[in-house]
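The block underneath contains the structure these notes are about, expressed in structure tokens.
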Amino acid sequence: MNLQNVYEKYSETVIVILVLLALYRISLESYLLFHSIVEVASIVVIAAVFLIAWNSREYLKNSYLLFIAISFFFVSWIDFLHIISYKGMGIFPGNDANLPTQLWIAARYMQSISLLIAPLLMKKELNYRKVLVIYFAFTCLIFAVIYQGYFPDCYIEGSGLTQFKIISEYIISLILLASAILLHRNKDQFDSKVYSLIIASIILTIFAELAFTFYIDVYGFSNLMGHFFKLLSFYLIYKAIVVTSLARPYDLLYRELKVREYELIKKKEAQEDLLETLSLVNQILRHDVLNDLNIISLSIDNLKERMSEKELDLSEKAVKHSTKLIREMKDFESLMYIRELVTIDLRILALEVSQEFPVKINISGYCSVKADSGLHSVIGNIIQNAIIHGRADTIDLHMESKEDYCELRISDNGSGIPDKIKGRIFDEGFKYGRTGHTGLGLYIAKRIVERYGEISLEDNTPSGATFIIKFYDSNRDNGCEE
């Protein structure tokens, strides 16, 4: 470890120790001055915390820090009155040590309860304006209760601390302990250093409260130690919110990004598990239903002589429709997975698809493209629609390599597609006429093609329709090869 690292590691500790020693020396000369310096320093620290947190409230994703900054700001109001009413200050003539002790207890109750509430709001969106109004009203209520004499006595001259004051310090310590436990349960929401600083601050506050249960004289040693602990606890809050937020903003941002990344990974894993389950169910359904359809088809063949032409036609249409629905389920399943794009010879693929249909299919041109296995279903679906809906008996498949893409044109000589539905032909679930189909075929085709290109529609001359598929590579560069 070099000298620079040693300096950076221990310089802050040395400075803190020197400041505490200086304050102790001041307390020996004038305890009133010591008390004023410590309390004013605490208020300045909290004011800095509030100003930084308030002006960066739009960027603070963790509601805990903003809530603590607001609540401590109002605690500092009470602490300010505690300073100017302290015995010996002379601002409130004839006042003894009871008033500042009452204000101290009121401030510590507000501070501890705020620390207890803060972890409960951590994962919620904080309505900071509402919090401001509530704390302002509550602070005014505390001032009114103390001023009107309804607040219990905390210090009696000659006797020292009252039972209410001592018991309150223990209650406040228990509340602080509970707040630390709640904070620990949510430690994953914090940067590790911020979490450690806040926990240490709460522990020092507990030590301060316990120290304030022993003194008889407001200028006594336990009172001195209590103020040291308080000053240190507020300093740690300052480091947690102000210094860390300003000196290490990128660390905090990086941590939030890591948390978001982890949440996204968990969601992705859950989605992948669900997709695998759906895929398995889909495969089982397709297998079983296709088997049943084969049995039904065979039974229809055997019963042809006993069935009327209408009954036979309806049965065959039902089987064909169910078979097409199973194919669409298979195509839809392919959309759930991002498959790797591979090089496909369009001419060979077109020849394979053409074997599945009983109409004349002309194939011309050549092009090699980047696509996935879903392209087979896309071409097949377009041809099938032309045959069923357009009554086409001739299909032309022409492929051509352009300057920065490859184009496949699928044209038919059927009845074409009406102008009024051309803009909706690729919409999910869109059906035209009484087709009995799902309306998913062309929607799925469009979704598949969008991974590596685009699909569009235009009229064919002299009749029919032409579907145009353009293929690009991952950089939308030249994705075709001659």
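Yeah, the Cβs are placed from backbone N, Cα and C, and that goes for glycine too.
Any TrEMBL annotation is an automated prediction that lacks curation.
Taken from TrEMBL, the feature domain 'Histidine kinase' applies to 284-475.
Feature annotation from TrEMBL assigns transmembrane segment to 7-26 (among others).
Residues annotated as transmembrane segment in TrEMBL: 32-52 (among others).
Residues 35-36, 39-40, 42-43, 46-47, 49-50, 52-54, 57, 89, 100, 103-104, 106-107, 110-111, 114-115, 117-119, 121-122, 126, 128, 131-132, 135-136, 138-139, 142-143, 186, 189-190, 194, 237, 240-241, 245 of the same chain lie 6 or more positions beyond the ends of the transmembrane segment (64-83) yet place their CB under 8 Å from a CB of it. What TrEMBL lists as transmembrane segment is 64-83 (among others).
Annotation comment: TrEMBL describes 133-151 (among others) as transmembrane segment.
Tertiary proximity for the transmembrane segment (163-183) is limited to same-chain residues at least six positions away from its ends with a CB under 8 Å from its CB atoms, namely 101, 105, 108-109, 112-113, 115-116, 118-120, 152-155, 195, 198-199, 202-203, 205-206, 209-210, 212-213. Positions annotated as transmembrane segment by TrEMBL: 163-183 (among others).
If you look at the transmembrane segment (195-216), the same-chain residues 6 or more away from its ends with a CB under 8 A from one of its CBs are 104, 108, 111-112, 115, 160-161, 166, 169-170, 172-173, 176-177, 179-180, 183-184, 187, 222-223, 225-227, 229-230, 232-234, 236-237, 239-240, 244. Marked as transmembrane segment by TrEMBL: 195-216 (among others).
What TrEMBL records for 228-247 (among others) is transmembrane segment.
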Report, as numbers and ranges, every residue of the chain located at least six residues beyond the transmembrane segment (133-151) whose Cβ falls under 8 Å of a Cβ in that stretch; write 'none' if there are none.
70-71, 73-74, 77-78, 81, 99, 102-103, 106, 110
